[in-house]
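Colleague: I'd like to ask you about the structure that follows.
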Amino acid sequence: MTEKRAVILLSGGLDSATVVAMAKAEGYSCYTMSFDYGQRHRAELNAAARVARDLGVVEHKVIGLNLDGIGGSALTDSSIDVPEAPGEGIPVTYVPARNTVFLSLALGWAEVLEARDIFIGVNAVDYSGYPDCRPEFVEAFERMANLATKAGVEGQGFRIQAPLQNMSKAQIVQAGMARGVDYSLTVSCYQADDDGRACGKCDSCRLRADGFKAAGIEDPTRYF
């Protein structure tokens, strides 16, 4: 039987950890990729490594990028404050072209591994309104992937899988718990401290806390 491989974007947060567990449950050999891109919340990289070990991935790769050299986001530019109150429109925590860049590098690794599936934990229900989390973006990237690669042109094809796309945060938490995810290992906060403790005020913290509450599951998040 041919090994079924998948490359999975793993930030170290709740959503991406759930996606790794889902892919593993579907029988994939999981190869996870994280990015050190100059983000404010670098504690998520330690969380990603913990999750990768705990879920038994085949290989965990960390790619260095200099997105802070571009700036334009509260997550990569320390002069822009992370908002602690809900706002309207696309928030300043949006990182320009981030998921496009991340998926492109995951696509390259997938082609080398001869993996046909790339998983990403984007969500368009309980989310911050980022344009690169929408179903239209995922579908467009998949079309591009199959036009721009040797494997795609030769008919092997890639699938961009976003299994959380239409799930609420509560449903995501429940799905992860059912598959053995230890959420105490994860970090979601946009301004977590070096120990991975959360602020409890940013949009990501609010979405996470609301998800656990709605799911009726104790939230293991540590706060500073």
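Including glycine, each Cβ sits where the backbone N, Cα and C put it.
So Swiss-Prot lists the following for this protein:
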| type | residues | note |
| --- | --- | --- |
| BINDING | Leu10, Ser11, Gly12, Gly13, Leu14, Asp15, Ser16, Ala17, Thr18, Val19, Val20 | ATP binding site |
| BINDING | Cys189, Cys199, Cys202, Cys205 | Zn(2+) binding site |
Colleague: Here's one to test understanding: among the binding-site residues Leu10, Leu14, Thr18, Val20, whose C-alpha is closest in space to the C-alpha of Cys205 (Zn(2+) binding site)?
Modeller: Leu14
Colleague: If you count other Cβ atoms within 10 Å of each one's Cβ, which of the binding-site residues Leu10, Leu14, Cys189 has the most?
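Modeller: Buried the deepest by this measure is Leu10.
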Colleague: Would you list the other residues of this chain near Zn(2+) - those whose C-beta lies within 8 angstroms of the C-beta centroid of Cys189, Cys199, Cys202, Cys205 - in sequence order?
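Modeller: Neighbours within 8 Å of the Cβ centroid, excluding Cys189, Cys199, Cys202, Cys205: Val82, Ser188, Tyr190, Gln191, Ala192, Ala198, Gly200, Lys201, Asp203, Ser204, Arg206.
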Colleague: Give the distance between the Cα atoms of Leu10 (ATP binding site) and Cys189 (Zn(2+) binding site), rounded to the nearest whole Å.
Modeller: 15
Colleague: Between the Cα atoms of Thr18 (ATP binding site) and Cys189 (Zn(2+) binding site), what distance do you get, rounded to the nearest Å?
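Modeller: Rounded to the nearest whole number, the Cα-Cα distance is 16 Å.
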Colleague: For the binding-site residues Val20, Cys199, Cys202, Cys205, which one has the sparsest Cβ surroundings, going by other Cβ atoms within 10 Å?
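Modeller: Counting other Cβ atoms within 10 Å of each of the binding-site residues Val20, Cys199, Cys202, Cys205, the minimum falls on Cys199.
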Colleague: How big is the gap, in Å, between the Cα of Ser16 (ATP binding site) and that of Cys189 (Zn(2+) binding site), rounded to a whole number?
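Modeller: It is 14 Å, counting Cα to Cα.
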